[in-house]
Each structure stands twice: as structure tokens, then as C-alpha cells.
Amino acid sequence: METPGKYLSQRAPGREHLPLYPKGFIAIRIVQLVLAVVVLGLTAYGVSQLAFDGDILSLFSALATLITCIYIIVAEFGAPALYNYWAVLSLDIFLVVFWLISFALLAAEIAPYASGYCTYYYCYSLSSAEKTYFAILAAAAGLGGAEFLAFLVSLVIHSVMLHRHRNAGLHCNPITSTSQPNPAVASAKVPASAEKPVEYSQGQPYPLQNLPAQGYTQQSNTVQNQSQAYPQQPYASSQQQYYPHQVPQQTPSPLSAQVTGGAVQQSGVENTRKDAESTYGHGAPENTQGPYETSGQPVQRPAQ
């Protein structure tokens, strides 16, 4: 048994998903294809003469083998991307089962007519045409058995190599399709990553976002300060002027003067002034209310 390291060292780019088969394994696939073509021709002639279930089932198995062998050979040597070892394993199992049924049923149905056939009263030997027909169906049954053995061998070899392939860590897809990026795609993705905006953390917000808010706050504060700088006296006076319950102040007219304490004092001052003018002449001071007058009554000055 090969070690996993030796198994991996023999891989080629783009063929990592193909199990390593022993030399000459492709010959088994070619033999399967050739036998399928021969069985297809033999069973087609048998169906054209006399159709029955064993012959028809062998015809179907030959067609399925033909399609399967072409797919395996082309996928393994022409287009490795189409190869899938799970599909190959399933097809091998399918054809092993169908070839076993096909050749066994066909052989069981033609065996009683090998030496001839009998009725209730007579037995008849086969004619030359009937012998030819019997020989063709017998050959188809024998080749069907060979196909069964060929697919049984291919199934065993494929299963063993698939087990080693899986133990080596390889899968059903080529590694190059997923591990090696395309340089053109990688270069095309560089500008997209360069245009990615810088992300800021929650603790440090983007500094330009606060500028409009600060300007608006300063502007509102300026308008508020200007509104406070204007005096509110006109507004207050207008309120006093248009207050509905305010009674306007009445000013006394000259004709209806009211006697108040100030008026009595003023009349006393006038009398004192007249007395001073009559006593001292016109040289008396105008303001006679001084230290020589108290309580609105004149006081005589001492003699000089």
C-alpha cells in the first residue's frame, strides 16, 4: 500500500481530485466499452427477430455501459474537471447489478432451446436459422457475464483507490479551482478595498460631523445675546401705556387749585419776601429761606 506522502507527490496540477489507479486500469475500461458494443449488436439482432424480457434487458445494460465508459474515459483523460469519483463509484455499482441480472436472465431463458423444442406430441430440432438465433443470444449472455466480471473488478480497484485518495486528504474537486485565485480578479478587487471608508470607533466620532452643530449653536447663542442686548423698556412702557386698568393721572388746573401743604408754604414764602422788600428795599436776596427762617415763618435779622 502506498503511503499518503508518496500518493500526494504524484499529483499533477488540475488532477488532484483523480485517484491514482494502477497501470493498465484503463485497459479494463476499454474492454468494457468493446464488450458493450458487441452485446449491443447481438441483442439488437435478437430483439429484431423475437423480443422477450431477457434480450431487452441486456440491450439496455449494453447502452448504459456504452455511455458510462465514454464518460469515464473522456473525463479522466480529456476533461478532468468533469470527473467525479462518487459518480464513477455509483455507475460501477449500478452496472455490476444490471449485468448480473441481464446475463443470468438471458441465459436462463434460452437454455431450454439449446437442443430443440418439443410439443405435446412431437419434438423438433432447430433449423439453421434457429440455431443461428440461439447462438447469437447465447453469445450475448456469455459476453454479459464477462461484462459483469469486468465491472466487478473495476469496482473493487476503484473502491480501494478511492479509500487511499480520501485518506490522503484529497476530495472530489480539483485544488487549483479553489486555492489559486485569478490574478485579474485579484487586481480588480484592489480598488474596491482602497475605496473602503475609514471606520471610527464609538469613542472617537468622525470630527467633521460636529462642525455644523457647533456653528448652529454659536449662531443661536449670538442671536440670543443680541436679543438680550436690546432694552426692554419700550416694551414695558407700552405695557404701562396700554394697560386696561390704569387710571390716567389728573393734573390740577389753575382755576381749581387744591390747597395743599406745599401751597401754604409757598404763600408764606411770598408774604415773607414782600415784607423783606418793604423793610430792606430791593437789595434783599431772593432766597430768603435760610438759617433765619423756620417752619415757613420769617425771622427778623439782628441789627448791624
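Keep in mind that glycine also has a Cβ here, set from the backbone N, Cα and C atoms.
Unlike curated entries, TrEMBL annotations are predicted automatically.
Taken verbatim from TrEMBL:
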- 217-250: compositional bias 'Low complexity' (COMPBIAS)
- 252-270: compositional bias 'Polar residues' (COMPBIAS)
- 286-304: compositional bias 'Polar residues' (COMPBIAS)
- 26-156: domain 'MARVEL' (DOMAIN)
- 196-304: region 'Disordered' (REGION)
- 20-44: transmembrane segment (TRANSMEM)
- 56-74: transmembrane segment (TRANSMEM)
- 86-113: transmembrane segment (TRANSMEM)
- 133-157: transmembrane segment (TRANSMEM)
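Per DSSP, the domain 'MARVEL' (26-156) is made up of 110 helix, 4 strand, 17 coil. Looking just at the domain 'MARVEL' (26-156), the mean pLDDT is 90.
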